[in-house]
Amino acid sequence: MSEKNAPIWVKTVALDRALSSKMRRLSRRSMPFIPKYPGLEDPDGSSDEDDSSHRGIINWGWARGTLIEISEESESLGVHVIIEDEQNVYNKAQVLLPPDSFEEGDTVMGNSEDASLAEDLNMLSQLHEPAVVHCLQCRYASDKIYTAAGSILLAVNPFKDCSFFFNDIVMKRYRNNGEIKGDAQLPPHVYGLADNSYRSMISSLKGESSESSDQCILISGESGAGKTATTRFAMQYLAFLSQRRSPGAMSQRRVSARGNEVDVELQVLQSNPILESFGNAKTVRNANSSRFGKFTLMHFSGEGLITGASIETYLLEKVRLLSQADGERNYHIFYEVLKGMDDTELNKYFLTNKTAEHFKLTNASGVYDRGDGTDDGEQFLDIVDAFDNIGIAQETKDKILAVTCALLHASNLSFKSLSEDESKLDEENAHFDPFISLLGVTGETLNKHICSVSLQFGKETHLKSLPKDKAEKGMESFIKATYDALFTRVVQLINASISTKEQESKKATIGVLDIFGFESFTTNSLEQLCINYCNEILQRQFNSAVFMKGQEEYEREGIDWDFVSYPDNRSVLDLIDSGKPSIFNHLADQSKLPRATDKGFASAIYKSFKTNKHLEATNQQVTNLKFSVAHYAGLVEYDAKGFLNKDRDELPKGAAEMLFSSSNEFIKELAAIISNPSSSESIAGGANSTSSVKKRMGSSRDTISAKFRRQLRGMRQKIDSMNPHFVRCLKPNDELVPDYFDPVMIVDQLRSGGVVEAVRISRTGYPQRFSFSSFVDRYWMLGCEVVGQTPVTKELVEALVTVIGFDGVQVGKTTVFLRQQKSERLETLRRQRVNSSVIRIQAICRGYIAHKLYRKSLESIVQVQCYIRRMTSIAKVNRIRRQQVEEQAAMIIQCAVRCKKARSVLEGRRVRRQQLEEQAARES
């Protein structure tokens with residue numbers, strides 16, 4: 001730090017010690033009052049008199065400033081800096097930091113202002129947490145929401161319309177640049193990342209790369225960070241590339257429900273609005289929050305055309321159906337059908353004059369609008385069109401809407417107490433008849449299976465009536481199970497429509513994973529543990545792809561490399577699932593015991609993991625049946641109360657049987673899913689499939705955690721076999737407002753995602769690598785004098801690297817490793833050499849073509865000249881001949897005239913002589 005006027009970052013705690021000797025509290029994700037949004041208040045509710053002077057101040061741990069001066073003579077006096085950070089309470093202050101006021105790491109050098117808008121964090125000369133946050137903040141202020149972090153794409157949610165950033169014109173720019181591999185350095189974009197995945201797939205299909213042709217785009221982030229939108233944009237771009245792959249390659253065509261043909265790309269994209277309507281809801285963090293995980297696998301032919309797709313879903317949040325927190329809504333579809341249906345449809349489903357305020361499913365929180373400007377009525381029309389384009393028949397679509405509306409009516413059903421132990425449904429309730437009509441069951445059957453339970457005693461079965469409170473709980477479980485089955489069936493129908501047909505070729509796959517982000521609420525239960533476990537798995541995969549595999553390969557190849565430490569969450573995964581014992585193993589054991597309690601489950605955890613450093617349980621937590629797990633993203637406290645009931649997911653025993661008795665075949669398909677969810681993927685619908693499942697109704701159901709763990713294992717196997725591409729979505733603030741960047745939130749997300757460590761390894765490591773043959777095939781033109789016709793060996797590669805002549809390239813045992821900047825420089829040299837060679841070849845070809853054209857022109861000129869001379873000579877000869885004929889004719893005429901004249905004179909003379917003779921005779 002000897003450079004005068006150099007940018008510098010100082011920890012706020014060091015400034016506190018130097019100026020006030022008072023540690024300012026760093027509140028995680030604290031949101032100060034911002035004048036631009038007067039509705040936002042300090043969450044601490046503090047009312048100090050000097051609070052007004054601190055408006056707009058965010059203490060996120062660092063302050064930006066300028067180093068005034070430091071030298072060896074003045075080092076004993078400390079470091080002089082001036083703080084130049086409008087978001088810091090010490091802004092404009094000149095500070096002397098005595099040696100005893102700061103420790104190592106309390107000050108770090110900053111980057112120049114020009115580097116504040118760096119498109120790739122690798123380009124920052126000073127790489128550390130405050131530099132990364134400042135770069136993201138400056139780019140966000142300039143509406144540059146994408147930033148590269150080596151091979152990772154960071155996407156900061158703008159919370160405003162950025163349609164100018166996502167359109168056909170922008171897609172064409174990235175497509176053209178990807179096709180020609182041009183010199184244009186386009187800014188980071190999800191289109192660019194999707195294009196890289198597509199080009200990697202095509203390269204592998206052509207045999208130009210030894211990596212897997214299957215690609216995977218992993219999109220992660222908190223709720224509200226923009227994962228759903230990013231997924232949609234990535235899929236749109238891949239479909240755009242497929243439709244415009246080549247003029248000679250035709251897109252696959254499918255028949256829609258209307259009978260017209262549509263592109264398969266459109267069908268794949270049209271699955272998004274349907275799934276968002278049935279699986280997304282408004283939460284306090286996000287107006288369109290995905291309440292399930294989704295893995296879309298887009299299948300491609302050898303020519304790069306989409307041939308179909310398949311969708312896998314994970315852990316739909318069923319508890320939302322019956323309770324929503326303040327400021328939240330139920331799933332979008334309920335509000336959309338009520339607002340988007342016309343009068344005929346409303347009457348068909350017994351919803352005339354009904355709104356969201358009339359149903360318990362939709363009025364629990366008192367929130368009826370999405371809050372992001374989306375109109376539910378228009379959205380309903382969009383999903384109707386989507387159903388048609390995908391090819392789902394009108395009859396099936398009507399049945400899906402009938403079940404949706406039936407659940408609205410079900411939420412308003414009421415029960416009557418016949419005694420303390422008996423109850424029945426209130427058949428006078430206005431929603432009773434619509435409900436049984438839409439489900440195709442009788443009122444007697446409904447009462448039998450909801451208000452009573454069948455008990456097996458030997459070979460005899462007896463019905464036991466249920467009290468009112470248990471019957472109400474049974475109805476709630478029925479609603480949750482039916483909606484979950486409906487969602488599963490909708491996904492099955494979509495997959496059946498958009499899947500790759502047998503006669504179509506599937507050569508490669510690009511998967512796009514959009515799954516729930518890390519969650520930590522005031523009260524966290526089984527759902528949060530499952531979600532956070534999933535995020536731990538994805539973080540492990542990220543660590544493996546970015547940190548572990550790269551460094552392990554460096555060691556195998558024997559190149560010079562200093563090992564870089566990185567956060568490893570293997571022990572947390574062992575704690576939750578992989579170890580013996582684990583939290584999920586204890587949960588599975590307790591769920592099998594009919595008399596097990598949440599207290600027994602919690603006690604088993606306390607006993608097994610008493611010394612585990614990743615699980616904490618204070619005396620107060622033990623009393624309240626709580627425990628904390630140290631996840632990669634932070635410490636989360638879980639409440640064990642309710643774990644077993646949620647994991648068992650028990651339904652009224654006769655619920656599935658009641659649905660099987662329905663006169664509606666679609667309802668029977670839902671019953672098959674409810675009775676055996678583990679086999680729901682194979683259910684295609686129809687009597688045969690449902691009857692076969694009905695026979696297995698007695699078989700045990702998977703618990704929620706067991707089913708989720710099985711799904712995650714399948715997902716991990718797929719991801720491990722693919723070439724990953726990472727998108728980290730960042731949420732700039734909790735208020736979902738545009739143009740506000742909260743560094744506290746960003747730094748938390750960067751830490752939990754290991755972004756800074758990933759960039760550091762990317763800078764110090766060798767992200768670009770080639771096999772010997774691939775390296776020589778690609779860069780032989782930079783060292784023609786050494787390549788020749790010799791076989792490809794390590795010595796040849798080393799000679800070629802020496803001729804190229806710059807460092808940043810290491811030759812291993814079988815692979816050539818390049819640093820990112822050197823790889824870009826090498827590509828530039830290659831393009832320059834190729835371009836110069838192309839120009840020379842073009843010059844030679846143009847010279848040859850010009851010479852050939854000249855000779856041909858010369859020959860043509862001679863031919864034309866010969867023709868003209870010939871024609872001229874012929875004309876001249878003809879003219880001479882004509883002149884000779886004319887002269888001869890004139891002579892003949894003249895001769896004839898002269899002869900005539902001579903004859904006339906002679907005749908006159910003869911006549912005259914005769915007359916004279918006659919006169920003489922007369923005279924004589």
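For all residues, glycine too, the Cβ spot is worked out from N, Cα and C.
Quick caveat, the model's predicted, so the values are computed rather than measured.
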Residues flagged as region 'Actin-binding' in TrEMBL, choosing from 275-297, 344-366, 712-734, 896-918:
712-734
Count, for each of the binding-site residues G221, G224, the other C-beta atoms lying within 10 angstroms of its own C-beta, and report the residue with the smallest count.
G224
To test your reading of the ATP site: which residues beyond G221, E222, S223, G224, A225, G226, K227, T228, same chain only, put their Cβ within 8 Å of the Cβ centroid of those residues?
N157, N286, S289, G517, C729, K731
Looking only at the region 'Actin-binding' (712-734), what are its DSSP counts of helix, strand and coil residues?
9 helix, 8 strand, 6 coil
